[in-house]
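Asker: Please read through the structure below; I'll follow up with questions.
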Amino acid sequence: MVVALRYVWPLLLCSPCLLIQIPEEYEGHHVMEPPVITEQSPRRLVVFPTDDISLKCEASGKPEVQFRWTRDGVHFKPKEELGVTVYQSPHSGSFTITGNNSNFAQRFQGIYRCFASNKLGTAMSHEIRLMAEGAPKWPKETVKPVEVEEGESVVLPCNPPPSAEPLRIYWMNSKILHIKQDERVTMGQNGNLYFANVLTSDNHSDYICHAHFPGTRTIIQKEPIDLRVKATNSMIDRKPRLLFPTNSSSHLVALQGQPLVLECIAEGFPTPTIKWLRPSGPMPADRVTYQNHNKTLQLLKVGEEDDGEYRCLAENSLGSARHAYYVTVEAAPYWLHKPQSHLYGPGETARLDCQVQGRPQPEVTWRINGIPVEELAKDQKYRIQRGALILSNVQPSDTMVTQCEARNRHGLLLANAYIYVVQLPAKILTADNQTYMAVQGSTAYLLCKAFGAPVPSVQWLDEDGTTVLQDERFFPYANGTLGIRDLQANDTGRYFCLAANDQNNVTIMANLKVKDATQITQGPRSTIEKKGSRVTFTCQASFDPSLQPSITWRGDGRDLQELGDSDKYFIEDGRLVIHSLDYSDQGNYSCVASTELDVVESRAQLLVVGSPGPVPRLVLSDLHLLTQSQVRVSWSPAEDHNAPIEKYDIEFEDKEMAPEKWYSLGKVPGNQTSTTLKLSPYVHYTFRVTAINKYGPGEPSPVSETVVTPEAAPEKNPVDVKGEGNETTNMVITWKPLRWMDWNAPQVQYRVQWRPQGTRGPWQEQIVSDPFLVVSNTSTFVPYEIKVQAVNSQGKGPEPQVTIGYSGEDYPQAIPELEGIEILNSSAVLVKWRPVDLAQVKGHLRGYNVTYWREGSQRKHSKRHIHKDHVVVPANTTSVILSGLRPYSSYHLEVQAFNGRGSGPASEFTFSTPEGVPGHPEALHLECQSNTSLLLRWQPPLSHNGVLTGYVLSYHPLDEGGKGQLSFNLRDPELRTHNLTDLSPHLRYRFQLQATTKEGPGEAIVREGGTMALSGISDFGNISATAGENYSVVSWVPKEGQCNFRFHILFKALGEEKGGASLSPQYVSYNQSSYTQWDLQPDTDYEIHLFKERMFRHQMAVKTNGTGRVRLPPAGFATEGWFIGFVSAIILLLLVLLILCFIKRSKGGKYSVKDKEDTQVDSEARPMKDETFGEYRSLESDNEEKAFGSSQPSLNGDIKPLGSDDSLADYGGSVDVQFNEDGSFIGQYSGKKEKEAAGGNDSSGATSPINPAVALE
């Protein structure tokens, strides 16, 4: 058995004795038990007629207990009494008296006591007082009418019959309606009804006192009292007088722990009010209540500190009356130390302590087996000393039951306690060989519950038989438990408990295992987070590997768990994530790491911050100040949500003029909760207040009541007054209208005045509602003095300021006179002109419009492409720099003055920009010629910016960091290719090409590459095959710059039916990009083999479509050899003629390149799209936008069936094309791609849709 010591706590006893009873585990010994009273009736019983009376007395004990009763100290035998029934139960002496009339119940009145005895002693019950009460009756009496004059006091008596049980008194009328009670009319604790002063409305003849007796469940009533009030015309005021109590002071005794009720009822006119005072100290506010309109003071649970004087003070306008209560706090007897029953072994000393307290001090008496000690023989060996009964050297014959009884005038206490002397062998009640587990640093408790008589001594030994108490960490308890504090790993082992008395000794073994303590290695950290965000707490802990670990989370002491219907909490792997933080989430969060042996906790605090809460309350005060357009606003502070409130924003809304729009009246510091506001006349103000902290504004407060300020004349005039004409013969006067909150009345209008400037004549005026006025029939551009004044039903606004306005403008007639144009550089000029005559402007000179456009290049036949640019120059400036111009271009320039009406006539001028450096060449490509040579192809720049004089080509190996750079000046501007030789096949190069004018080289285009990447192992790229019913197309993507080569394609049918038949291998050129094989069989699988230089390079599979073999038509003459030879001869002849034609064309018909360029479309109007392959980049920018805008038609055309055609017609050109047997080039290759280059090397071909000329502009 393993015992975890997590919840084992020791039982501490103050003396070496056992528990009150023999433990149930102590088996095999038949031990007797002294009698013990287990149940008895209350100390006081009140019975009523026809009630049954039950007197209970039950007790336990071995041997069986015998019962006897006494009544008023005389032996009482219930079995012999008529009408008494005794319970037939082994442990009960209870009996019941069956009542049928009041006399029968009264015959059994008295003080009863029960005695329970066996051979070990006698136990005694407390005194049971039985009281009989008859049916309540109101004594016969004659009630005379009560006559009193209006304003006097009166007391209506009740005087109910006496009762042993508390009564409830009610005053009602004959209609069973309660008499209304207030400060003037009050019922006292004694049941009387007190009138401080009577009114004529109190005149009734049916004041009835009802008494409710809860014991008998009956209500009886007094004869009605007739109260007759005599009316009077002059009620006399009088000072208060106490009706109860009637004297000036009283002395009361209050019982400790019971409630205290004090009462003062006064009369007088006007009706007095009651106050309560305590001169000796403050009232205990937490225990005092005031009832019955302050006439009754009730003090709950009276204590000794409540002793002293209490005063009631009755006051009205004529004086006061008072009464002093002097309260003495006393107490019924109560236990300080109650005697306890114990078992003792022979020779021990027995001591029973009976310590009581009370006020007055209780008298203590002792009994032994129910007999007072004074009546016992004097040779008894007990002694009574300081409230204790002591017996020395007890023996089994000294077994007894004692009674300690304490009484004073407020009550009685009784306690039974036995001294049981017995001899029992020692026995350890704790199981043997238990295993206990605890963690290092904690305290372990090894149990050894022993029992015997005399009480066995308990000793703990280690495995060596040595007492463990030599180590100060080991400590014993009186109940035999061994405690070991500050456990260490080497405390693991076996321990032995030895219990012994004078009869025997016994031993058990306990096993202790000490485990590693749980430790939190990384606990959660306190943090401050914003509302609505999420927070993550982490927790890591180390555990003993043999224990079951657990990490849980707690928030403010409550366990946290993930909720199935909410994602508020996420708990996993020592992490607690709280989503959507709210202010209710702030608090202390704990990581609890636990095993079955220990628990450790690490705590962190979470503060949730955010904008403030709403202002809870808003109050307007000083409303009389509204006549002065002021009001005071007060509010309760808002919740700051852990961030100090920086300010309060006071806003208002006018539901009449601008509903649902709020305006700020100002802000006050955050520590201020009221302010006086300056208001505007005639505004319907509804206020609200918003708190603001560093996280922003909170929710606004509830809105206030609406207040309206009185009307007044306007305090402001419109602003931004202007006079401008929208026609040449008028002037439009405009202004910014007043805000509605500045109207100071329900409506506002504007008084507009005007007159020509410089005249002293009368003002013309007009009152309008709109924020403008049109003055007609004016001269062109004449200045006027203008005033605009606000007016309403209460008067005019302040005297307005005079504003100068002008009538309508006309178009300017002034022409700017150019002073000259200064060429700053090839792309910028400075334009200057003289100021215009303002009289000719016909209005306000707003500035100058400078318009310019490029008419074309200075080169011949350059096409005009007009794109106008505009620059607006301020009126006080007469020059402008035009930048961003195209070099070597002709420009047209216009300058116009303009006013508010428009622009005047223009002055014109033309100028030209000088030459500049050209742009970068277009489309630089590298083509492999051999392992050591490359062919560079390019296009001229789109922007010549002058006359091209040639190109500068430079290159260097990349691996040498720019060393060994070579440069070539290519003087021919028409050059488009250049062949580089003697290159290393193992290096990559950086090539840079620049076009030049007389101003020098321009931007460069850069390309990197080498022969190594272009002339290596043949690469078919992305090769694929598709099939139809009787054909298949093989396609591939030629690698850019790859040297051309020829290879074989072989189709081989698969399957037994096909017999593995192969078609003749076909010779194909790499630059073809595709090959179509015809004459295939439908629904057939084929293998495709690619060979180069008799070496296998690639293989793929394809399957044709269809469902059967294709039937070939009968062979005709087209398949005969003679026909094939004839056709071949014709084709060869045509090819020779075509070659001769190209040679002749290349040698003759040449013309100026410049003339040719000038015949082409302007490069800006129709730029050419580069159709060559490869990439390039500028030295200035790798991502410069290209100027190509149009596309060329495809040069490939439809795919031509190749079959076994080896014709070179597709590779014709101005140079010879020869192949080795393997299909590789012998000479320079200039295939279809060469045809696409416009104006190639030594080419003079005409412009055509597939050979467009390159635009040089």
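Every residue gets a Cβ built from N, Cα and C, even glycine.
OK, Swiss-Prot features for this one:
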- 713-725: compositional bias 'Basic and acidic residues' (COMPBIAS)
- 1176-1187: compositional bias 'Basic and acidic residues' (COMPBIAS)
- 1241-1250: compositional bias 'Polar residues' (COMPBIAS)
- 920-1015: domain 'Fibronectin type-III 4' (DOMAIN)
- N100: N-linked glycosylation site (CARBOHYD)
- N203: N-linked glycosylation site (CARBOHYD)
- N247: N-linked glycosylation site (CARBOHYD)
- N433: N-linked glycosylation site (CARBOHYD)
- N505: N-linked glycosylation site (CARBOHYD)
- N588: N-linked glycosylation site (CARBOHYD)
- N726: N-linked glycosylation site (CARBOHYD)
- N849: N-linked glycosylation site (CARBOHYD)
- N876: N-linked glycosylation site (CARBOHYD)
- N979: N-linked glycosylation site (CARBOHYD)
- N1022: N-linked glycosylation site (CARBOHYD)
- N1071: N-linked glycosylation site (CARBOHYD)
- 698-725: region 'Disordered' (REGION)
- 1176-1207: region 'Disordered' (REGION)
- 1226-1257: region 'Disordered' (REGION)
- 1144-1257: topological domain 'Cytoplasmic' (TOPO_DOM)
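Are these features on the surface or tucked inside, and what are their neighbours?
Answerer: Residues of the same chain lying 6 or more positions beyond the ends of the compositional bias 'Basic and acidic residues' (713-725) and with a Cβ under 8 Å from any Cβ of it are 681, 731-738, 742-745, 748, 750, 754, 771, 778, 781, 784, 786-792, 794-798, 800-801, 803-809, 900.
According to its DSSP assignment, N203 (N-linked glycosylation site) is coil.
The number of other Cβ atoms within 10 Å of the Cβ belonging to N247 (N-linked glycosylation site), over all protein chains shown, comes to 8.
A coil conformation is recorded for N433 (N-linked glycosylation site) in the three-state DSSP classification, outside any helix or strand.
Neighbour count (other Cβ atoms within 10 Å of the Cβ, all protein chains): 17 for N505 (N-linked glycosylation site). The secondary structure of N505 (N-linked glycosylation site), as reduced to three states from DSSP, is extended strand.
DSSP assigns N588 (N-linked glycosylation site) to a strand.
In the three-state DSSP scheme, N726 (N-linked glycosylation site) is classed as coil.
In sequence order, H870, V871, V872, V873, E894, V895, Q896, F898, S903 make up the list of same-chain residues 6 or more apart from N849 (N-linked glycosylation site) whose Cβ falls under 8 Å from its Cβ.
Shown in sequence order, the list is empty: the chain has no residue 6+ apart in sequence with a C-beta less than 8 angstroms from the C-beta of N876 (N-linked glycosylation site).
Taking the Cβ of N979 (N-linked glycosylation site) as centre and 10 Å as the limit, one finds 12 other Cβ atoms among all the protein chains shown. Mapped onto three states, the DSSP output places N979 (N-linked glycosylation site) in strand.
Packing around N1022 (N-linked glycosylation site) is summarised by its Cβ count: 7 other Cβ atoms lie within 10 angstroms of its Cβ, all protein chains included.
The Cβ neighbour count for N1071 (N-linked glycosylation site), using a 10 Å radius over every protein chain in view, is 17.
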Asker: Give, as a single whole number between 0 and 100, the mean pLDDT over the topological domain 'Cytoplasmic' (1144-1257).
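Answerer: For the topological domain 'Cytoplasmic' (1144-1257), the model's average pLDDT rounds to 37.
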Asker: Give me the Cα-Cα distance between N1022 (N-linked glycosylation site) and N247 (N-linked glycosylation site), rounded to a whole Å.
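Answerer: Checking the Cα atoms of N1022 (N-linked glycosylation site) and N247 (N-linked glycosylation site) gives a distance of 125 Å.
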Asker: Give me the CA-CA distance between N433 (N-linked glycosylation site) and N505 (N-linked glycosylation site), in Å, as a whole number.
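Answerer: It is 17 Å, counting Cα to Cα.
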Asker: When the Cα of N247 (N-linked glycosylation site) is compared with the Cα of each of the glycosylation sites N505, N588, N979, N1071, which one is closest?
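Answerer: In terms of Cα distance, N247 (N-linked glycosylation site) lies closest to N588.
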Asker: Let me make sure I understand the structure: which of the glycosylation sites listed (N203, N726) has the fewest other Cβ atoms within 10 A of its Cβ?
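Answerer: Candidates: the glycosylation sites N203, N726. Fewest Cβ atoms within 10 Å: N726.
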Asker: Let me spell it out: for each of the glycosylation sites (N433, N588), count the other Cβ atoms within 10 Å of that residue's Cβ, using every protein chain shown. Which one has the most?
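Answerer: Its Cβ has the most other Cβ atoms within 10 Å: N588.
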Asker: For N1071 (N-linked glycosylation site) and N979 (N-linked glycosylation site), what Cα-Cα distance in Å is obtained after rounding to a whole number?
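Answerer: Between the alpha carbons of N1071 (N-linked glycosylation site) and N979 (N-linked glycosylation site) there are 21 Å.
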Asker: Between N505 (N-linked glycosylation site) and N979 (N-linked glycosylation site), how many Å separate their Cα atoms?
Answerer: 119
